[in-house]
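Enquirer: Here Swiss-Prot flags 11-50 as repeat 'WD 1'. Residues or ranges marked as repeat 'WD 2' by Swiss-Prot: 53-90. Residues or ranges marked as repeat 'WD 3' by Swiss-Prot: 93-132. Sequence annotations record features per position, and here Swiss-Prot assigns repeat 'WD 4' to 135-174. For 228-267, the entry in Swiss-Prot reads repeat 'WD 5'. Here Swiss-Prot flags 306-362 as region 'Disordered'. Per Swiss-Prot, compositional bias 'Polar residues' is recorded for 340-352. According to Swiss-Prot, the feature repeat 'WD 6' maps to 517-553.
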Amino acid sequence: MAGNRLVPRYAHTDGLTRLAYTRDGKFLLTVGSNQVIRKFQVGSDEEPDSIDNHQDPITGIAVAENYFCTCSEDATVCVYPIDSPTEHTLLARTTLPIRDVAYSVDGNWIAIASDETAVKVVSSTDSSQIFSLRPAKASNKHVTYSPNGNFLAVSSCNGILYFYDTQTRELIKFLTNTIASLEAESEICSKAAWHPKNGTFAVASTDHFVSVISPDDWLPLYKLLPKENHSGVTDISWSSNGMYIAASFKKGGILIWDTQSHEVVVELPYSTVVALAWQPFENVLSFTTNQGILYSCPDVIPKSILKEENDPTKPLTSSKSKNRTSKELDDLFGSDDEQSQNVNDLDGNSANEENEFINHDGLDSSLDLDGDSYMVDENDLNLAKKRKQKALIDRTTTIENGSSKRRLLQASIHKPVHTGSTPWQGNRRYLCLNLVGFIWTVQQDAEHNTITVEFHDETTHRKYHFVDDQKFEMACLDHEGALYASPATESSPGVIYYKAHVDWSRKSEWAMALPMENESPVTISLSSSVVLVCTSAGYVRVFSRQGFPISIHRSKHLPFVACSSFQDTIITIANDGLSSDGNSRLVYSIEDISRDEMLQTGDGVALPPQGTLESVFFSDVGDPYIYDSTGVLLVLMHWRIPGQAKWIPVLDTNELERRKSRQESYWPVTVADNQFHCILLKGASRYPYFPRPMFTEFDFRIPCNTNNPDASTSVPVLEELQLRNKLFLTLLEDSIGDGDVTEDEKISIARLEANIDKALLQLIQKACLEERIERVYELTKTLRRTTSIAAAQKIALHHSLTNVAEKIGNLLSNV
């Protein structure tokens, strides 16, 4: 049956999947990144039961006699009765995403591996019974119990395999140079897969073999050699009789070995497999892919070679392993001296501190993540404690001439806007969301939150987490690092904290307490050159990326609403009295930090009547944009020339064709490649939520006329097209200014001029057909290239419009 095509069952969406059979083999359970549990009845073609409980991708599943449990990136472990899985129980919660769970043999305990440094072990019936194992300052990827109940194996992300005695809870052995060092989210497997009967275990070794190791002497019994072009083990699973072992590979498919002959007996050419499970007591192998597809292969071992039971007389340790030289053993596991030293130094503790590996604190105990590296200096904190708490931003709204006037002015103050952030939804919120990635925070308790930083391009940077003792309320993210800010409190000052993504020495990490009494960050921004902080004290503070102060000035307009930055250019937006409709009037200022030059000062932000500001940002080429509450995107043109700047609408999302048939809105992200990048919000939703939202891009369409999208060459479409390209050309020419023009810029200018003239010539053609002489001549005068004017003359002559052709000829002679 292994050679026949298997029937796929689409269980989940793309992403990591896991599966497990119940111990009686009657049901097959799968989990995946779409937060859904599927319960398949073995041998039935009926639709599986679906259980939707977790908020984030499910990363692991384990099965006991009558129950099963799941874990998720939402940092929870839930337990379900197999017979009625909808009646789930939330058993445990950690501070960071959970990667794996495992039941003890008797089903009384559940081990939890997470991005925390501690492995938690919780009673499956009483969540108050819990203890922690702390092997090292690294997160953990897998946990597995030996079938005899003696050992708990922990696979750490640092490439060390730890073994604990389940009775004494003591660390009894750790193996180095055995498994690979991996990221927590990696599909590659580093778990210890236990033989169902004889006590040995298999691992994907660092040399790309599958090694079978005996805990009697912790030496490899034998190694299973994969076929050529097979690499990257994603899972390992033993058959229920222990006679066969299957391994899935990231490249190459699935291989099954006979554990006595050590030869490959079955090869299944299925790619992207990430999880394997043998059906108990049956010759059936099931597996899932990272595309969410489930396959089951009956009679996977051909009956002609099928072996029913392992030879009970076969010794656990081969003579070959007993005859290894001391050098070979040192190469495999390190010398005895190194082992002894590593045990002593495993968590930075001396030998007499090894009992600290066992921690009986609860799940929400503080983690030793070196989080104090960005804490504020003690002197600053002591100074802040002596200060009396005062009102921050709302202080500016106080008027002492009557409560009605106070209410009027308070209503007119535009609230601060931080581009890319969302309000709290439950216990989590996005601090920053842009084209680089996401930063979100999760409330844990009154003392701290946890922050996760994730990237769209995981090949550049990997996702990471840290414990947030400052309870940051704002963040900015770019390719090099992240900027955070927290407000002043009664006991501490406002804090600015910068953290580089890749900085093992932490020399690029810095923190700063704002010096003024009760001074809080109101809005912040991060560019490739500067850190910008606008505060409740009215100061615009500019720092270098290394925390060196560059400039400071007090704004003429308060309180601040928003800010943004691009290279050495910054824009700040603030309140400035009331507009004619009774709402707050917003003004902006633009400054070139490198030249210490104010380009625009106190000019108005072009908001519609009763409208508010939703977002402000620079595009990928450095032009300022705003997005207002009515769904209109505007760009600031001529902003480098003092007094000449004006806001040009480039897209009205209310006029999008898709908007006519859908109830949706658009949450702004940025502008890149002359496209509006946003997140679609369905129904009455105002903000994106979890799981991670997808981006959508819209081309600009200047609202200059009634556009008909069904006719790409209609007059309204062509009129808008030439106007849009003219805008792009103006923005490009403004950015060049009096500087030298590069070859790429020359090419871009020529392309835009050609696009403008092409649209105009099509309009001239239509005007000639309608014999609109004055319009033909008017359009011809706007052409930019001599060749285009000559083409317009030919079009006029083609339509026998000799008078206008003569006028066009006069234009040519004057060019």
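Every residue number used here counts from 1 along the chain in the order it is shown.
Using the three backbone atoms N, Cα and C, a Cβ is placed for every residue, glycine included.
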Enquirer: Near the repeat 'WD 3' (93-132), which same-chain residues lie under 8 Å Cβ to Cβ, leaving out any that are not at least 6 residues past its ends?
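Expert: Beyond its ends, the repeat 'WD 3' (93-132) has Cβ neighbours at 56, 59-67, 69-77, 79, 138-149, 152, 154-155, 166, 169, 184, 191, 358-365, 367-369, 442, 444, 450, 452, 465, 467.
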Enquirer: By DSSP, how many residues in the repeat 'WD 3' (93-132) are helix, how many strand, and how many coil?
Expert: 0 helix, 21 strand, 19 coil
Enquirer: Kindly report the helix/strand/coil residue split of the repeat 'WD 2' (53-90) according to DSSP, in that order.
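Expert: The counts are 0 helix, 20 strand, 18 coil.
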Enquirer: Within the repeat 'WD 5' (228-267), how many residues are helix, strand or coil going by DSSP?
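Expert: DSSP composition of the repeat 'WD 5' (228-267): 0 helix, 26 strand, 14 coil.
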Enquirer: Mind tallying the repeat 'WD 4' (135-174) by DSSP state, helix then strand then coil?
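Expert: Breakdown, helix to coil: 0 helix, 21 strand, 19 coil.
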